[in-house]
């Protein structure tokens, strides 16, 4: 039974990471197709936000697909918490948490050098992207209460094994996206007069590439662990 669960977990991890990498590839392809990077800061012309949102929703669907076996192992408390995920109060709390996170990320962007008196839309796009990479997936998976616990580095006591796997993978995406967005700021002050240096292009591209690198690292860890198990089985 343990071997079967490990196999399911590995499949879940690899499909999850594949979706993350596919999202980045589709975003970069979309940017190349537009042949202009300046549209990234325009809410109505940029496809980055809907592409990333669709990718995160696919991961949630994937998590539910691989988590259907966990439903038979749930305690009464876990069942009650799951039933409360989609109540009107929880949905409203999730929307408020995501909105608040977007405001916080926007404030952090301004503190770190984003324009204060203009480029509001560009800052909003970047803040929304960072929210989608970090807070939104956890809200979609665990609801507002569970997301708050995860954000404050607590492990919710109602997590199933499948949800724990998903949360761990979401953390890679969040960390990579945020570090990538911060690293992208390095090229902004350089006097090269290039289109891709305009705010928030370096930060958006940096967030996407940071996400890709974090997921590649996570994927290499999964493949290494899988290969190690396979080699040990052959030796035994």
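Note: Cβ is positioned from N, Cα and C throughout, glycine not excepted.
As annotated by TrEMBL, transmembrane segment applies to 12-31, 43-62, 91-117, 123-148, 169-192, 204-224.
With a cut-off of 8 Å between Cβ atoms, the residues of this chain six or more beyond the transmembrane segment (12-31) that come close are 37, 40, 47-48, 51-52, 54-55, 58-59, 62-63, 66, 162, 165-166, 169, 173, 205, 208-209, 211-212, 215-216, 218-219, 222-223. For the transmembrane segment (169-192), the list of distant contacts is 13, 16-17, 20, 59, 112-113, 126, 129-130, 133-134, 137-138, 141, 199, 202-215, 217-218: same-chain residues at least six beyond its ends, Cβ to Cβ under 8 Å. Residues 10, 13-14, 17, 20-21, 23-24, 27-28, 31, 37, 40-41, 48, 125-126, 129-130, 133, 169, 172-173, 175-185, 196 of the same chain, all 6+ positions outside the transmembrane segment (204-224), place their C-beta atoms under 8 angstroms from a C-beta of that stretch.
Long-range Cβ contacts of the transmembrane segment (43-62) within its own chain (Cβ-Cβ under 8 Å, at least 6 residues beyond either end) map to 12, 15-16, 19-20, 22-23, 26-27, 30-31, 34, 121, 124-125, 128-129, 132-133, 136-137, 140-141, 166, 169-170, 204, 208.
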